[in-house]
Amino acid sequence: MKFSFTLFAAVVSLGGALASNVIELNPDNFDTIIGQGKPALVEFFAPWCGHCKNLAPVYEQLADAFSHAKSKVVIAKVDADGAGKPLGQKYGVTGFPTLKWFNAEGGEPEKYEGGRELETLANFITQKSGVKSNIKPPPPPAFTILDTHTFDEVALDKDVLVTFTAPWCGHCKRLKPIYEEVAKDFAAESNCVVANVDADAAPNRPLATKYGIQSFPTIKFFPKGNKDEPLDYDGERTEAAFVEFLNEKCGTQRAAGGGLSGQAGRLPEFDSLASKFFDATGEARQLILKDAESLASTVGPVAKHYVKVMEKVVNGSEAYIEKETKRLASILQKRTLAPQKLDEIKIKANILSAFKRAEEAIEDAEKKVEEAIGRATAEL
């Protein structure tokens, strides 16, 4: 008896797990459900159809998303190559899957022509029925969304990298998380914008035509000074490659992964003085400090931290450079401060790194030249 009860419980549990919120329609029950006061989205499918199999889990999620509103909207399906074949013929189904929207009163349905992503389908049902799904909206993307109304206002006034995409495009979907990280990397750069246009949306197609978009994704850079001839981006679709490209075009110094690069805030003339200062002693350091102060008066605030470091050392804090470098590195590693504050600290850390022996500075410079040659050779 105990075994029978356990088996019964297992069957009930399995039945609950397999329960679907998608209503299965056939010629016998179709007219008792469709056109009876509730609008409906109906999928006409074939069991052997690969696209139908791909849609199946999404369609189940869609029905689950409106399960709280079964009294207001219907999510259903018809095996139009099996028992429901007469229904497929009646409603002009010639391919699978075909989705049709039936109004509450029934009548001639509207063919659904949109994307097959969960959010797209849910938005369509909400738009047609006024019923909201229980899908939690995703957080807004880090990149800027542009359309035919906002494009000129943004893209023609700043340096802007734009991806022209389509919701159904597989390459676009793979690019999206990478592009999101690039947008985060440049979030603090108000004049270097990372943006996107849904170029397949009907209202935005004039933009796609204007800029010759023939495939997805197409990526173009719109420089602030020359908007009539945007540059095609043909580089690798990696975060590092996008960051390097934008730094070059926008004059920024961002790093892949966030924050500033190791060269942000560095000034060649002051780097040279810092290296000489590090190697010098006594009066020689005093003279270099005076030279730095004199040069800083012509450069402005950007050079003040070089002078501050020299003053600290000259005034008796010989270990200042090493201690301050470790302190700032610890702060940057924890990343608990606001992005703007972290940028300020990164610049200070970068400037501290300029205070090294001349031999080390030369080696660093040679390494950078080799890297630049390597990148140029790879692009040939």
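For all residues, glycine too, the Cβ spot is worked out from N, Cα and C.
Looking at 68-95, 264-291, 292-319, 348-375, the range tied to coiled coil in TrEMBL is 348-375. For the coiled coil (348-375), the mean pLDDT of the prediction comes to 63. For the domain 'Thioredoxin' (132-251), residue counts in helix, strand and coil come to 42 helix, 24 strand, 54 coil, using DSSP.
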